[in-house]
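Q: Please see the structure below; I have some questions.
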Amino acid sequence: MSLLDCFCTSRTQVESLRPEKQSETSIHQYLVDEPTLSWSRPSTRASEVLCSTNVSHYELQVEIGRGFDNLTSVHLARHTPTGTLVTIKITNLENCNEERLKALQKAVILSHFFRHPNITTYWTVFTVGSWLWVISPFMAYGSASQLLRTYFPEGMSETLIRNILFGAVRGLNYLHQNGCIHRSIKASHILISGDGLVTLSGLSHLHSLVKHGQRHRAVYDFPQFSTSVQPWLSPELLRQDLHGYNVKSDIYSVGITACELASGQVPFQDMHRTQMLLQKLKGPPYSPLDISIFPQSESRMKNSQSGVDSGIGESVLVSSGTHTVNSDRLHTPSSKTFSPAFFSLVQLCLQQDPEKRPSASSLLSHVFFKQMKEESQDSILSLLPPAYNKPSISLPPVLPWTEPECDFPDEKDSYWEF
């Protein structure tokens with residue numbers, strides 16, 4: 001059976017499952033009413049892209065990233081009938097073993113069914129010979145990880161962190177309500193559109209708590225995670241014992257991601273897996289700026305002044321000269337302070353005991369996100385450089401797509417990860 005033969009093309013809505021009741025008495029002092037969020041329907045132009053499965057309708061512009069253990073190339077492309085910029089993920093299915101094929105199949109199916117503004121959408125999926133093409137909206141700001149590398153090497157401001165985490169946790173809450181564990185929450189799986197919309201990607205790592213119509217309290221699926229993912233994983237997932245893990249494992253990853261956004265570095269990145277597990281198990285939750293859990297470096301990166309980080313690669317924008325940016329606008333003080341509310345959120349997420357961590361729904365009601373009621377979606381745009389999202393801007397010359405004959409670059413050199 002083909003990878004694409006297993007799901008219905010009617011785009012049936014998945015009915016949300018009732019989440020388990022959680023005990024949150026220990027965090028009530030930090031909770032407020034949950035903010036609301038509206039979502040508009042896709043534009044007519046986007047609807048045309050949704051229906052386009054003709055490979056000749058897409059002009060590949062430039063590769064903007066790698067993913068899926070370096071088996072997938074991610075390209076900026078233009079949908080020629082409408083002029084819409086899109087993202088295309090191209091994977092050679094012949095290079096995928098059975099486990100990877102199942103992961104791809106799962107990601108395609110679940111993205112097809114999920115309908116939430118904070119979950120990355122697959123507009124169209126089709127095959128070109130043995131190559132799988134996945135068409136998604138172009139996220140002009142790329143990933144939060146890319147923003148860190150290019151503009152915020154010493155970490156983001158608390159206001160920007162709040163905007164990014166709020167969208168990510170809303171998407172995560174939707175997944176949890178539908179009985180799914182993401183298992184790969186991190187900055188490189190948080191994408192930002194040119195309109196300031198934050199979405200979660202990385203659905204190939206997702207696992208369902210529902211089996212045979214029953215929602216289980218824990219799962220015992222322990223895949224061979226890439227070492228690049230392990231710093232974000234919870235202690236219970238790394239332990240791989242008889243207790244298993246559940247959706248609270250993702251909450252731990254949210255806490256690590258918050259530390260990543262605050263410091264500009266990935267906690268535990270240079271540690272051996274055993275040392276990492278011991279470090280995560282040994283004591284109380286970590287501070288977002290606890291230097292003992294971050295890789296040591298003799299020198300820190302400086303804010304880039306060479307071009308706008310648009311999500312298509314800084315070198316492309318430098319050569320084309322389409323934008324410039326005022327570095328003062330993106331300046332982050334080297335001596336940063338964070339509010340008690342932010343420290344509280346991180347500490348709650350990083351509790352060793354999963355039962356002591358809040359649910360995603362409760363996390364959205366944390367006082368740290370209270371200001372999101374007053375802030376509009378445009379507020380995140382005021383904290384970022386101008387986005388590269390106008391189809392009228394000239395792009396590098398394109399060539400017809402052909403099957404690659406050379407080896408791909410190392411995944412570690414890529415800023416985008418899907």
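Yeah, the Cβs are placed from backbone N, Cα and C, and that goes for glycine too.
Straight from Swiss-Prot, here's the annotation block:
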{"type": "DOMAIN", "residues": "58-369", "note": "domain 'Protein kinase'"}
{"type": "BINDING", "residues": "ILE64, GLY65, ARG66, GLY67, PHE68, ASP69, ASN70, LEU71, THR72, LYS89", "note": "ATP binding site"}
Q: Along the domain 'Protein kinase' (58-369), what average pLDDT does this model show?
A: 82
Q: Please determine which of the binding-site residues listed here (ASN70, THR72) has the lowest count of neighbouring CB atoms within 10 Å.
A: ASN70
Q: Could you say whether, by DSSP, PHE68 (ATP binding site) belongs to a helix, a strand or a coil region?
A: coil
